[in-house]
Amino acid sequence: MAVTNESHPKEFILLGFANHPWLELPLFVTLLITYPMALMGNIAIILVSTLDPRLYSPMYFFLKNLSFLDMCYTTSIVPQMLFNLGSSRKTITYIGCVVQLYVFHIMGGTECLLLAIMSFDRYVAICKPLHYTLIMNQRVCILSVSIMWLTGVIFGFSEATLTLQLPLCGTNKLDHLLCEIPVLIKTACGEKEFNELALSVVCIFILIVPLCLILASYVNIGCAVLRIKSSEGRRKAFGTCSSHLIVVSLFYGPGISMYLQPSSSITRDQPKFMALFYAVITPTLNPFIYTLRNKDVKGAFKKLLRSIFSSK
């Protein structure tokens, strides 16, 4: 095996499901179907939110950012997965691994923060409806998204850079489907305690703190909904929040299981299934969750389709 220096190989071998080769074909077919669906669904959300004036509100501004994040997130790993699953070569170049590491973790960390901002938006809309336009004005929305992106980039970039400093001592096999920080830390040799501590600290700020804010927002929303006297009002309030709650559960559940669960209790294949869940399944389902449960988005999407077909 040729190496660029004594610690970094030219390429990594991604073992994936080498111990379950029968999974490769079903997984390849599934990704071949879900990846285009994820791209088309998220592009559709971005288009209707941009083109339909009825969707010029903070909620859809944040939803556009979520769709963009999901597209980048899933694109950073799925094409490489498809290549590896569809061929006998299960490799990724060192540069490819580095790019994947940065993009994957920057987008993932930023999405954690965005889901917290979206929950705060729902809290203000339901608990303080009279002050909603004052609190969630355009300046506040742009500022919050800018801070979100900056924070996500800083945390993702710094943690990925720190991980890449670890020596690999010639090892070029990763027991995973992609280049992910916990797997690289586990594969590295030498002293890793500082990296493990740094990852734990980052996870507290990127996963735990936003999740606590989300839970606090929905506790207040729940109390406010219970005070609504009309059943129609309660149903409408619940409908505006249920989509976001489903997305939060799909994203945070596997993420916490992967990054905060003690490594001694994680089975060999668990990280692979978790990565597939929060990096492939969730970005694919998000557009459908928001579209199927939202009359405004469905109406805007139908309007867009009518305008496309009528122009032809």
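Indices start at 1 and increase along the chain as displayed.
Yeah, the Cβs are placed from backbone N, Cα and C, and that goes for glycine too.
Nobody curates TrEMBL annotations by hand; they come from automatic prediction.
What TrEMBL annotates here:
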DOMAIN    41-290  domain 'G-protein coupled receptors family 1 profile'
TRANSMEM  25-48  transmembrane segment
TRANSMEM  60-82  transmembrane segment
TRANSMEM  102-120  transmembrane segment
TRANSMEM  140-158  transmembrane segment
TRANSMEM  197-226  transmembrane segment
TRANSMEM  238-261  transmembrane segment
TRANSMEM  273-292  transmembrane segment
For the transmembrane segment (102-120), sequence-distant contacts whose Cβ falls under 8 Å of one of its Cβ atoms, 6 or more beyond its ends: 59, 62-63, 65-66, 69-70, 72-73, 76-77, 144-145, 148-149, 151-153, 155-157, 159-160, 178-181, 202, 206-207, 209-211, 213-214, 217-218, 244, 247-248, 251-252, 255, 278-279
Contacting positions for the transmembrane segment (273-292) when only residues 6+ beyond its ends and CB under 8 Å are counted: 27, 31, 34-35, 37-38, 41-42, 44-45, 63, 66-67, 70-71, 73-74, 77-78, 104, 108, 176-178, 180, 243, 246-247, 250-251, 254-255, 257-258, 298, 301
Surrounding residues of the transmembrane segment (140-158) on its own chain - C-beta under 8 Å, 6+ positions past either end: 58, 61-62, 65, 102, 105-114, 117, 202, 205-206
For the transmembrane segment (197-226), distant same-chain residues with Cβ under 8 A (at least six beyond the ends): 109, 112-113, 115-116, 119-120, 122-123, 126-127, 152, 155, 158-159, 162-163, 181-182, 185, 234, 237-238, 241, 245, 248, 252, 255-256, 259-260
